[in-house]
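Engineer: Okay, handing you the structure first.
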Amino acid sequence: IVFRAAQERSDIEIVAINDLLDAEYMAYMLKYDSTHGRFNGSVEVKDGHLVVNGQTIRVTAEKDPANLKWNEVGVDVVAEATGIFLTDETARKHIAAGAKKVVLTGPSKDDTPMFVMGVNLKSYAGQEIVSNASCTTNCLAPLAKVINDKFGIVEALMTTVHATTATQKTVDGPFHKDWRGGRGASQNIIPSSTGAAKAVGKVIPELNGKLTGMAFRVPTPNVSVVDLTARLEKPASYKEVCAAIKEAAEGELKGVLGYTEDDVVSTDFNGEKLTSVFDAKAGIALNDNFVKLV
């Protein structure tokens, strides 16, 4: 997904990929995607490297990032997407190998700074290694920021109805850390934990301790939903809340937060470029201090 997104931007050039897959299989997985469809471009393998739209991309299969010699191909930024090197200490091996910056594509397992577009990016101070948080945090944080800035959040609960992920089982199997997580993904709605709400407290410090949440894993291949149920400090009608979100989506958070009043469903957002889209018709309010936002 990172590669496909980069191909749509003229200011990003992919120069190298490190993966334990061989280049032929990598090319196959790039060409064909069951969720996002066929790749719009030419893909071939030459001398063990990928050639995409005529550009050669170095392919390596190193288990230790320290051996990657990023300096040989002029790497500026590494997207660390293995899910393994999620601490400053381990991700710093990329820096030792010649990269200038590292972006972790998931939440860090230590105190590595976490940034969410549209929320706390202005506080970035040139750190070499940062986390881009999780998909759920990127969905939740912009919405929570708007509500907290405009009305104040006293306390809130978040539920994400989350699409199936690669760690789940196709049929029941052992999963010692999470027994329910070991049940068949296509057969069940599976309650699960999520660190997304806690992560929001890191990118919006005012909400630290005011927000927690859980997840339901559901049998869909892509697109997830976040349900934010919040008690507001300043009373506001649901219409006023929607108006504030729409204003932010068309203003300071344009390109990050979206707003829709259409009768949409999850598949309508397959390939969505915005990190969060507020569904005005899906939410409800109990009163002027208690709202559910989707």
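Positions of Cβ are set from backbone N, Cα and C atoms, glycine also.
Below are the features listed in Swiss-Prot for this protein:
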type     : residues                                 : note
BINDING  : D19, K63, T105                           : NAD(+) binding site
BINDING  : S134, C135, T136, T165, T194, G195, R217 : D-glyceraldehyde 3-phosphate binding site
ACT_SITE : C135                                     : active site, nucleophile
SITE     : H162                                     : site 'Activates thiol group during catalysis'
Engineer: Going by C-alpha distance, which of the binding-site residues D19, K63, S134, R217 is nearest to H162 (site 'Activates thiol group during catalysis')?
Structural biologist: R217
Engineer: State which of the following binding-site residues has the fewest other Cβ atoms within 10 Å around its Cβ: T105, T136, R217.
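Structural biologist: With the binding-site residues T105, T136, R217, fewest surrounding Cβ atoms within 10 Å: T105.
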Engineer: Can you tell me how far the Cα of K63 (NAD(+) binding site) sits from the Cα of S134 (D-glyceraldehyde 3-phosphate binding site), in Å?
Structural biologist: 24
Engineer: Could you check what DSSP calls T194 (D-glyceraldehyde 3-phosphate binding site) once collapsed to helix, strand or coil?
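Structural biologist: Coil, per DSSP.
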Engineer: State the Cα to Cα distance, in Å, between G195 (D-glyceraldehyde 3-phosphate binding site) and T105 (NAD(+) binding site), rounded to an integer.
Structural biologist: 15
Engineer: Just to verify: the residue among T165, T194 with the fewest other Cβ atoms within 10 Å, which of the binding-site residues is it?
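Structural biologist: Minimum Cβ neighbour count within 10 Å, taken over the binding-site residues T165, T194, occurs at T165.
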Engineer: Report, as a single number, how many Cβ atoms besides its own are within 10 Å of the Cβ of H162 (site 'Activates thiol group during catalysis').
Structural biologist: 21
Engineer: Given the binding-site residues C135, G195, which one is most crowded in terms of C-beta atoms within 10 angstroms?
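Structural biologist: Its Cβ has the most other Cβ atoms within 10 Å: C135.
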Engineer: Work out how many Å separate C135 (D-glyceraldehyde 3-phosphate binding site) and T105 (NAD(+) binding site) at their Cα atoms, rounded off.
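Structural biologist: Answer for this pair: 9 Å between alpha carbons.
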Engineer: Please list, in sequence order, every residue of the chain apart from S134, C135, T136, T165, T194, G195, R217 whose Cβ lies within 8 Å of the Cβ centroid of the D-glyceraldehyde 3-phosphate site.
Structural biologist: T160, H162, A196, A215, S224
Engineer: Given the binding-site residues D19, K63, S134, which one has the fewest other C-beta atoms within 10 angstroms of its C-beta?
Structural biologist: K63
Engineer: If one measures from the C-alpha of T165 (D-glyceraldehyde 3-phosphate binding site) to the C-alpha of T105 (NAD(+) binding site), what distance in angstrom results, rounded to a whole number?
Structural biologist: 15
Engineer: Under a three-state reduction of DSSP output, how is T136 (D-glyceraldehyde 3-phosphate binding site) classified: helix, strand, or coil?
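Structural biologist: It is helical.
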